[in-house]
Amino acid sequence: MSHLKTSTEDEEPTEEYENVGNAASKWPKVEDPMPESKVGDTCVWDSKVENQQKKPVENRMKEDKSSIREAISKAKSTANIKTEQEGEASEKSLHLSPQHITHQTMPIGQRGSEQGKRVENINGTSYPSLQQKTNAVKKLHKCDECGKSFKYNSRLVQHKIMHTGEKRYECDDCGGTFRSSSSLRVHKRIHTGEKPYKCEECGKAYMSYSSLINHKSTHSGEKNCKCDECGKSFNYSSVLDQHKRIHTGEKPYECGECGKAFRNSSGLRVHKRIHTGEKPYECDICGKTFSNSSGLRVHKRIHTGEKPYECDECGKAFITCRTLLNHKSIHFGDKPYKCDECEKSFNYSSLLIQHKVIHTGEKPYECDECGKAFRNSSGLIVHKRIHTGEKPYKCDVCGKAFSYSSGLAVHKSIHPGKKAHECKECGKSFSYNSLLLQHRTIHTGERPYVCDVCGKTFRNNAGLKVHRRLHTGEKPYKCDVCGKAYISRSSLKNHKGIHLGEKPYKCSYCEKSFNYSSALEQHKRIHTREKPFGCDECGKAFRNNSGLKVHKRIHTGERPYKCEECGKAYISLSSLINHKSVHPGEKPFKCDECEKAFITYRTLTNHKKVHLGEKPYKCDVCEKSFNYTSLLSQHRRVHTREKPYECDRCEKVFRNNSSLKVHKRIHTGERPYECDVCGKAYISHSSLINHKSTHPGRTPHTCDECGKAFFSSRTLISHKRVHLGEKPFKCVECGKSFSYSSLLSQHKRIHTGEKPYVCDRCGKAFRNSSGLTVHKRIHTGEKPYECDECGKAYISHSSLINHKSVHQGKQPYNCECGKSFNYRSVLDQHKRIHTGKKPYRCNECGKAFNIRSNLTKHKRTHTGEESLNVIYVGSYSGTSQKRTYEGGNALDGGRMRMPL
């Protein structure tokens with residue numbers, strides 16, 4: 001032991017003395033330098049320093065020599081501790097804080113009479129505790145790279161290897177290099193599978209001694225090393241030191257290839273594999289390799305289905321903690337990553353990095369086959385499948401394969417089965433959550449993808465990508481039949497259906513077929529009444545987004561479509577086109593048969609079919625023929641009852657756009673058709689024609705049956721049905737037939753209960769506008785129809801006609817039983833006596849009546865309202881009979897007296 005000498009501040013102990021208990025020592029390890037129960041704690045040795053007897057250093061050293069010899073001989077006889085275990089402890093000491101390094105390099109030995117405390121090593125053998133020096137020793141050896149100080153030069157030499165990156169020990173199995181032989185020995189156990197260090201608590205085995213020590217702390221549950229920055233606790237001071245670098249930003253381990261720095265050596269080691277291409281960790285299921293064990297561990301969860309990290313907000317589970325943390329930011333609304341160009345925020349840093357490429361225009365990932373470049377590697381990987389023909393995403397139902405996972409997701413929705421992801425707004429279900437998330441943007445109105453050229457927004461990136469081609473002029477999808485090019489694959493696919501004559505998308509409600517799936521989806525909403533596009537201003541809903549877009553202009557006041565003739569502006573292009581027809585313009589295409597002129601040649605061609613008698617378009621339901629496809633399409637809606645044109649003001653629906661156009665003029669007040677005789681204006685051309693017939697000499701078409709004259713031949717043809725008894729318009733509910741479609745429409749409201757015309761004075765509703773017009777005269781007192789016999793006036797023309805029959809003694813309405821009546825309505829009521837029909841039913845008790853007035857009286861028995869005196873006068877064979885209801889007095893006049 002002559003080589004042991006007194007250590008002063010100016011000299012360094014020899015390596016043998018300095019590294020007692022470490023791998024470099026020639027002596028066997030006397031005791032565990034960091035007892036497992038106190039690893040990383042504020043060491044008990046520190047507290048013992050104050051209580052130590054303050055002997056001269058020389059005296060203590062002499063006493064310690066004998067203790068060391070005794071301890072060494074005991075250690076040799078009781079334990080055979082492997083040198084690599086000690087070496088490992090030595091390596092670990094490089095990462096310990098200075099005070100723990102001091103403890104590890106102290107001379108061994110302490111008087112048992114002073115403390116008497118003993119510590120067990122890993123094998124259970126007890127040795128005396130180490131004695132710490134009383135006076136602190138200055139750290140004179142400083143690293144000129146990072147400024148860290150050491151007491152001994154040998155420590156500094158070992159530390160410098162971190163900066164130089166020198167690794168002299170190479171693994172002959174995988175080529176991995178290490179700074180020390182002990183690290184290489186531990187590494188080789190990865191290849192051999194040897195795990196010599198076993199936990200006596202649970203039996204779990206480890207390759208290295210330090211790993212076992214780390215593991216043992218899980219049983220004790222102690223975390224005695226606390227970070228004074230954030231309060232986080234750790235089992236070991238070395239781990240705490242590494243953690244502190246997060247706060248300080250210190251990254252002492254730098255890559256010699258690219259200069260990237262890391263907080264710890266393991267991070268650098270894994271990073272270097274990027275340059276070397278080394279991936280030593282292989283999945284035993286699919287053969288995929290990884291540069292680090294954690295990557296393999298996470299990957300294996302794909303095969304096992306394990307998702308240990310669950311969100312406590314929504315229950316969604318993830319395979320990594322980081323993915324869970326990223327997901328949680330959705331619930332918190334956190335978007336901490338902000339673009340300094342456009343200030344757009346993102347949940348994840350990776351998304352921000354991808355986004356920034358939009359501003360730089362950088363596309364670093366280039367295809368070596370065709371030269372196409374991409375912003376990210378994933379885009380290139382997917383693109384390469386076009387060249388390789390690889391289709392890794394296979395449908396487990398039908399076996400069809402796809403290049404993209406999104407393609408498979410869309411395809412799977414074709415197969416029937418439960419769709420687990422349901423929209424809470426409208427109840428629509430989806431096979432995948434990603435599709436549900438895309439769908440939800442319909443309800444939220446969220447459009448996060450903005451075109452940097454025109455500012456137009458989109459719900460998804462794919463929509464934006466296709467839209468950008470409008471600005472660039474790129475049309476990558478070309479038809480191989482006619483050469484026409486398109487900006488999207490779906491547009492090309494739809495176009496090809498024209499050549500094939502295909503309309504593959506068939507409505508399951510009315511069997512109507514469409515070229516496009518999108519057109520079918522929109523059409524189906526007519527049947528389902530679904531209106532997913534809601535206005536956030538007034539709550540009004542629409543079947544499609546374009547309808548909502550036009551509607552929103554009502555709130556914003558925007559009118560982008562302006563007439564260049566008069567300057568009038570409109571909210572939609574169709575409104576402008578309709579308006580333009582008011583202005584006289586050039587019509588260069590003239591019909592040589594009737595000299596009628598048209599704006600377009602196509603319109604002229606269609607018109608000529610009228611003269612030729614051609615009606616090539618035939619209805620497959622009723623075989624009626626038409627000149628134009630548009631007329632056939634409109635006609636078909638009679639059979640399907642489809643009314644796709646809806647008014648955005650009052651929600652009234654129409655079979656064709658022209659009817660909607662005319663209807664809208666009620667709301668706008670526009671009356672473009674003016675009478676050249678009296679100046680009165682109307683909303684439709686047909687109304688003007690009808691009006692003109694009131695002027696003398698303006699009715700050239702006369703009925704040869706009754707002499708009644710009409711302005712148009714069409715009106716005359718309709719009128720003649722009265723004489724011929726034709727009633728082509730039949731009600732499907734009750735079978736009743738009518739001469740005019742307008743009468744059928746009014747009649748249908750009896751079955752539907754619809755009364756769209758409401759009096760603004762008393763709230764009474766009517767089935768038709770004429771009923772409302774007559775009713776309003778009750779409030780105004782207006783009676784424009786006066787009898788020229790007796791001067792009595794009436795509010796309606798029909799009432800006057802009925803009254804005149806009293807003077808003439810006529811009762812033109814005869815029943816088969818011989819009774820006659822002045823009024824058709826009275827005859828209809830009378831006939832119900834013979835048929836037994838009682839169409840008026842009480843919704844309280846179900847009792848039925850043959851006339852409405854009886855139902856009205858009956859209802860008062862439920863409401864408790866007092867009965868009114870109602871008089872009904874009917875004539876039988878020229879004799880007038882008076883009936884008094886509820887004991888009321890009979891009134892003259894041949895009409896009912898009703899309270900106002």
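Positions of Cβ are set from backbone N, Cα and C atoms, glycine also.
If you check Swiss-Prot, you get these features:
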REGION    1-97  region 'Disordered'
CROSSLNK  Lys5  SUMO2 cross-link
COMPBIAS  9-18  compositional bias 'Acidic residues'
CROSSLNK  Lys48  SUMO2 cross-link
CROSSLNK  Lys62  SUMO2 cross-link
CROSSLNK  Lys65  SUMO2 cross-link
CROSSLNK  Lys82  SUMO2 cross-link
CROSSLNK  Lys92  SUMO2 cross-link
ZN_FING   253-275  zinc finger
ZN_FING   281-303  zinc finger
ZN_FING   309-331  zinc finger
ZN_FING   337-359  zinc finger
ZN_FING   365-387  zinc finger
ZN_FING   533-555  zinc finger
CROSSLNK  Lys587  SUMO2 cross-link
ZN_FING   589-611  zinc finger
ZN_FING   645-667  zinc finger
ZN_FING   673-695  zinc finger
ZN_FING   701-723  zinc finger
CROSSLNK  Lys748  SUMO2 cross-link
ZN_FING   813-834  zinc finger
ZN_FING   840-862  zinc finger
CROSSLNK  Lys882  SUMO2 cross-link
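For the zinc finger (281-303), DSSP puts the residue distribution at 11 helix, 4 strand, 8 coil. The highest tally of CB pairs under 8 A with the zinc finger (673-695), across 253-275, 281-303, 309-331, 365-387, 701-723, is held by 701-723. In the three-state DSSP scheme, Lys748 (SUMO2 cross-link) falls into the helix class. Packing around Lys587 (SUMO2 cross-link) is summarised by its Cβ count: 13 other Cβ atoms lie within 10 angstroms of its Cβ, all protein chains included. Residues 354, 357-358, 403-404 of the same chain lie 6+ residues outside the zinc finger (365-387) yet bring a C-beta within less than 8 angstroms of a C-beta in it.
Contacts between the zinc finger (645-667) and the zinc finger (337-359): absent, as fewer than 3 C-beta pairs lie under 8 angstroms at sequence separation of six or more. Listed as Cβ neighbours of the zinc finger (533-555) (distance under 8 Å, sequence separation of 6 or more from its ends, same chain) are residues 442-443, 445, 522, 525-526, 571-572, 646, 648. Distant neighbours of the zinc finger (281-303): 270, 273-274, 319-320; these residues of the same chain sit at least 6 beyond its ends, with a Cβ under 8 Å from one of its Cβ atoms.
Each residue in the zinc finger (533-555) gets a DSSP state, and the totals come to 11 helix, 4 strand, 8 coil. Across the zinc finger (589-611), DSSP assigns 11 helix, 4 strand, 8 coil. Confidence across the zinc finger (365-387), taken as the mean pLDDT and rounded to a whole number, stands at 81.
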